[in-house]
Amino acid sequence: MHELSIACEIFEQVMSTAKEHGATEVKHVTLQMGRLSHTNPEQLSFCFNVLADESIAKDADLIVEMIPPSLECECGYKGAVDEKKIRENCEFESELLAYAAVMECPVCGKPAQLTGGRELIIKSIEIETENQD
Amino acid sequence: MHVIDMGHDVYKANDKVAEKNKKKLDKYQVFSVNVMGAIGSGKTTLIEEAIRQLKDKYKIAVIAGDVVAEMDSSRFRKLDVPTIPINTGKECHLDAKLVEKALDEIDLSNTDLLIIENVGNLICPVDFKLGEHLRVVIVSVTEGDDIILKHPMIFKTSDLAVINKVDIAHAVDVDAEKMRDDILSLKPNVPVILTSKHDWESLETWISFIELGVKEAQNR
Ligand SMILES: [Zn+2]
């Protein structure tokens, strides 16, 4: 579980950006999370709220958008993993496992390079400022 | 209400520090190894063996990551190598910033090999590069033969996989060869070493793998 250190990093970045823009309140924080990153959105929200208590972000909503994994293959394929195959593999106990099992190129079947799906991005924040314009 | 675009990637921020660490290590021709694996997989023992065999040939330093205790770092200090303990507190992994700080305490111009023992855990260390040249995952047969497919990402991102304690595989009803096949199914062509502290030949294979990296770093 490394949600706390991630939440710290997010909190620090959000607060410094909010201050730069003269925020009086942070309303929303939008994150993009790769499906293969080892982070749990609920735990992350919980840690963030604990850290943000007594700050201008204390009521902020953490909105998490999930990013599906993407592949690059030596045959030239660039794009998503085979979602149909993932549904067929639903006997796997975790989504992570299902994805890991299908990291072959959907075109030629060779093991492909993972190019996306492990990121954790603070996409944007929504803030209130003193002088509304 | 204002929307402010940030686009700050938390993992990329770590990767940037890791890249900086690696450049620093390269400058001093230090070969660095990040040893990952669960608690009880035998990380410390395998590292100790490597230190014993290599310390007369190369100058070795160790960064020992631990949640709270200093048990492992005191084991390395007994071998007379400079050891920096990093207590992560509640955290389950080392990150590039912690290693960056530890590097300041190491005399890099007097180091050929830096071994970093990560915190015992097969999940969290995956997302954090440290600036290492070699990522090693150590897993023991006592963890059961489904341990690999349950933790695919650590095997997918490692440069070397070690299956340890193979001498007791039969006793715990585990097939080490199946474990090897599982690793290769996740990452074809990754070198897999089967080790036991009671089998000298297997330890030699492990140690020679590290030595190969040190030699390459010195010829760079
Ligand atoms: Zn292909």
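Using the three backbone atoms N, Cα and C, a Cβ is placed for every residue, glycine included.
In the three-state DSSP reading, A:His2 (Ni(2+) binding site) counts as coil. Counting only residues at least six positions away in the same chain, the Cβ atoms of A:His38, A:Thr39 sit under 8 Å from the Cβ of A:His2 (Ni(2+) binding site). Positions annotated as Ni(2+) binding site by Swiss-Prot, on the basis of sequence analysis: A:His2.
For A:Cys73 (Zn(2+) binding site), the Cβ neighbour count at a 10 Å cut-off comes to 19, with all displayed protein chains included. Among the features that Swiss-Prot reports, Zn(2+) binding site is placed at A:Cys73, A:Cys75, A:Cys105, A:Cys108, with the record citing sequence analysis.
Local packing around the Cβ, expressed as the count of other Cβ atoms within 10 angstroms, is greatest for A:Cys105 among the binding-site residues A:Cys75, A:Cys105. In sequence order, the binding-site residues near chain B (CB to CB under 8 A) are A:His2, out of A:His2, A:Cys73, A:Cys108.
Cβ proximity to the Zn(2+) site centre (mean Cβ of A:Cys73, A:Cys75, A:Cys105, A:Cys108, cutoff 8 Å) flags the following additional same-chain residues: A:Glu74, A:Gly76, A:Tyr77, A:Glu104, A:Pro106, A:Val107, A:Gly109, A:Lys110, A:Ala112. Less than 8 angstroms from the CB of A:Cys108 (Zn(2+) binding site) sit A:Cys73, A:Cys75, A:Tyr77, each of them six or more residues away in the same chain.
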